[in-house]
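Noted in TrEMBL for the protein shown:
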BINDING   N10, E367  Mg(2+) binding site
BINDING   K17, H191, L192, G193, N194, G195, D265, M266, R267, G313, V314, G315, E316, N317  ATP binding site
BINDING   R74  substrate binding site
ACT_SITE  D131  active site, proton donor/acceptor
SITE      H163  site 'Transition state stabilizer'
SITE      R224  site 'Transition state stabilizer'
Amino acid sequence: MNGSRVLVLNSGSSSVKYQLLDMADGSRPAFGIVERIGEGPVADHAAALKQVADELAAQGLGLDSPELAAVGHRVVHGGTRFTEPALITDEVVEEIEKLIPLAPLHNPANVTGIKVARALRPDLPQVAVFDTAFHSTIPEAAARYAIDVATADRWGVRRYGFHGTSHAYVSRATAALLGKDPAEVNTIVLHLGNGASTSAVRGGVCVETSMGLTPLEGLVMGTRSGDIDPAAIFHLSRVGGMSTEEIDTLLNKRSGLAGLCGDNDMREIGRRMGEGDQAAQLAFDIYIHRLRKYVGAYTAVLGRVDAIAFTAGVGENSAAVREAAMRDLTAFGIEVDGVRNALRSATTRLISTESSRVAVAVVPTDEELEIAGRTFDLVSA
Ligand code: ADP
């Protein structure tokens, strides 16, 4: 291998994000996004990937550049098959395609991204980095739902967890902030973006996470309900007359903060709360209540918590969410410093008091860097 650069591709359902990272000097020579796939001039994912290739070529950084060592692809679902990043072969592509029923919105776009990139540069090593992989260490007691075992196994119904790339990166960065080896630190990671999930990481190993079979379970999110009594679905079907599709749309797109108050952006909710808006206040309170429940639960799961890390759009930017989530938890050894918490900064930082037994931190996530690093490690091994 000659080059030191990795192109990271994140092919989502309606967009392709890309970043070119240089692992030798840490620079990012190019990044961008192709949006609204299927709606306008960009007909499909193949066209979007070609546009990415063209944008890179226009900057003299094309896929044929000798500095390019590999392409790293974000893949949402690795099932139980992929517990580590995988060097992409025809067999790996087939295996990812077989997982499409588990992630019908995401894996097809990921597969297309891989196929187009391979067609453009067949000789270049490409690596799949899975959103589920970091959670593959979760013990059976936490990964299994308490349903009939044969049915669960036949249909792959279990906790997989998502946002794993972020949870892995943030838990390691939190240990680094404390000047410790990840093996010495027990961390609760709160990834609060539009999608939101939390994980319990013991000594660098994930032991529990809030998303499950799909990214719907767990915390209250921008438009997703998170935890709900599954019998609510039967009720909406039998009594409410809703179809499976309608209930799917309700829980994934018309729930969460948006369902509760009409807004899914925490900035807007904060503004409305400032004007005394009751619906926005209730949405915020429900969001915080769920978050605190998980912090309590994961404290019991871990037994000893050394650090709590806030990350992603809300976690990195909303001092109000962090303050409310951590309020009155001195019995848990958690004390947030109001001044540190209110400080706006894009860097990794502690927001707990000097006397807080648990370190509370804001740790900006960097999924692209994690994907590039794992990709580079694999191809240079
Ligand atoms: P995703 O990657 O899941 O789309 P992000 O991690 O980018 O989401 O988070 C997006 C969310 O972050 C927005 O919907 C908004 O609620 C929140 N957010 C972004 N900036 C701020 C801010 N300054 N204050 C509060 N919330 C913010």
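From the backbone N, Cα and C atoms, a Cβ is placed for every residue, glycine too.
Note that TrEMBL annotation is computational and uncurated.
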Sequence-ordered recorded positions from K17, R74, D131, H163, E316 with Cβ under 6 Å of an atom of ligand 1: none
Other CB atoms, at most 10 A from the CB of the residue listed as 'active site, proton donor/acceptor': 25
Recorded positions compared (K17, H163, R224, R267) - the one with the fewest other Cβ atoms within 10 Å: R267
N194 (ATP binding site) as reference: those recorded positions from N10, R74, D131, H163, E367 with C-alpha within 10 Å of it: none
Site of maximum Cβ density within 10 Å, from binding-site residues D265, E316, E367: E367
Shortest C-alpha distance to D131 (active site, proton donor/acceptor) - which of the binding-site residues N10, L192, V314: N10
Recorded positions near E367 (Mg(2+) binding site), in sequence order, restricted to K17, R74, H163, D265 and a 10 Å Cα cut-off: R74, H163
Cα separation, H163 (site 'Transition state stabilizer') to D265 (ATP binding site) (Å, whole number): 19
